[in-house]
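Presented below is the structure to which this report refers.
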Amino acid sequence: GCWICWGPNACCRGSVCHDYCPS
């Protein structure tokens, strides 16, 4: 998993944090 992902739309995919992911 990821550490905490910051940002209003941040999410974790696999083991990488992304700034934005669609709902």
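Placement of Cβ uses the backbone N, Cα and C atoms for every residue, glycine included.
The disulfide bond feature in Swiss-Prot is assigned to Cys2-Cys12 (among others); the stated evidence is similarity to another entry. Around Cys2 (disulfide bond), a 10 Å sphere centred on its CB holds 13 further CB atoms from the protein chains shown.
Annotation for Cys5 (disulfide bond): same-chain Cβ neighbours under 8 Å, separated by at least 6 residues, are Cys11, Cys12, Cys17, His18. Cys5 (disulfide bond) falls within neither a helix nor a strand when secondary structure is assigned with DSSP, and so counts as coil. What Swiss-Prot lists as disulfide bond is Cys5-Cys17 (among others).
Classification of Cys21 (disulfide bond) by DSSP places it in coil, neither helical nor stranded. Summarising the annotation, Swiss-Prot assigns disulfide bond to Cys11-Cys21 (among others) and lists similarity to another entry as the type of evidence.
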Neighbourhood of Cys21 (disulfide bond) by C-beta distance under 8 A, where only residues 6 or more apart in the same chain count: Asn9, Ala10, Cys11, Arg13
